[in-house]
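The following features are taken from TrEMBL:
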REGION    217-247  region 'Disordered'
TRANSMEM  40-59  transmembrane segment
TRANSMEM  64-82  transmembrane segment
TRANSMEM  102-121  transmembrane segment
TRANSMEM  128-150  transmembrane segment
TRANSMEM  186-207  transmembrane segment
Amino acid sequence: MTRLRRVVLIASLVATTGLTLVVGVTDPAPPPTYPTRFFAWNLALAWIPMFFAAGFAVVRRRIWLVPLGLAWLAFLPNAPYLVTDLVHLDTEVELWRHIMQYGVAAWTGMMLGVVSMRLVCQRVERDFGAAIGWVAAAVSVGLCGIGVMIGRFQRWNSWDLVTQPGTVAATTFDWVRSPLAYVEPVSVALAVGAFFGLAYLTLWSLWPPARARRGAADEPGSAPACHRSGRVAEAHHPPGAKPRFRR
């Protein structure tokens with residue numbers, strides 16, 4: 001990805017984040033204070049995986065990939081989690097204004113999630129191969145859906161994975177073992193996971209591959225420029241012919 005594309009991408013994500021907050025702060029609906037102030041906290045959490053993914057993408061020593069990758073994965077569900085904030089949508093006051101705010105927030109969260117996952121998977125592909133990169137993407141999508149489920153219905157957050165890992169794991173495995181007993185949460189997890197996965201595939205199809213940054217001379221199957229120039233020279237001076245020199 002070129003520098004201009006990176007700047008435009010980050011600027012657009014910052015702009016949609018700001019638009020969500022501005023629409024909320026200027027909301028005239030009661031209460032007089034910011035009625036959807038939870039967006040400020042949720043958007044801040046949604047940006048955290050982007051920072052970990054950026055570090056994961058550029059760090060040189062592979063020993064740092066594990067802690068950065070785990071930290072990114074722990075906070076990744078906070079990005080698509082914004083889609084589920086639609087549960088707070090109030091249909092009685094400023095409906096269209098709130099639809100715009102919730103929609104922009106959901107878009108921002110989803111884009112932050114898939115962009116950060118593309119950064120991580122691109123690094124995995126570069127270091128370990130394309131197959132491992134797709135495995136990492138599939139596992140991340142599945143765990144992200146589970147993370148959104150335990151965040152929305154069990155009310156756990158990313159910090160609880162550090163402070164109460166045993167309790168979080170026990171309650172989550174209970175839901176996984178008996179999915180038919182928790183139809184709504186499991187359905188939400190599957191829906192969010194599918195949405196997140198499709199969004200990632202869309203971004204992947206538009207994301208320029210690494211080799212696109214090089215010139216046509218570096219494309220697979222093409223010879224280096226020096227070899228091509230050599231063939232041109234041979235065409236002018238066939239084998240066995242004496243070179244001519246201008247006086």
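Any Cβ shown, glycine's included, is placed from N, Cα and C.
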Check your understanding: When you scan the chain for residues with a C-beta under 8 Å from the transmembrane segment (64-82), skipping those not six or more beyond its ends, what do you find?
Key -> 39, 42-43, 45-46, 48-49, 52-53, 55-56, 105-106, 108-110, 112-113, 116-117, 120, 123, 127, 140, 143-144, 146-148, 151-152, 158, 161, 192, 195-196
Exercise for review: For the transmembrane segment (102-121), name the stretch out of 40-59, 128-150, 186-207 with the most CB-CB pairs under 8 Å.
Suggested key: 40-59
Revision key, fill the gap. With the cut-off at Cβ under 8 Å and a gap of six or more residues from its ends, the chain residues touching the transmembrane segment (40-59) are 13, 17, 20-21, 24, 34, 65, 68-69, 71-72, 75-76, 78-79, 81-82, 85, 105, 108-109, 112-113, 115-117, 119-120, 122-123, 157-158
Exercise for review: Mind checking which residues of the chain, 6+ beyond the ends of the transmembrane segment (186-207), have their Cβ under 8 Å from one of its Cβ atoms?
Suggested key: 1, 80, 83-84, 110-111, 113-115, 117-118, 122, 137-138, 141-142, 144-146, 148-149, 152-153, 175, 179
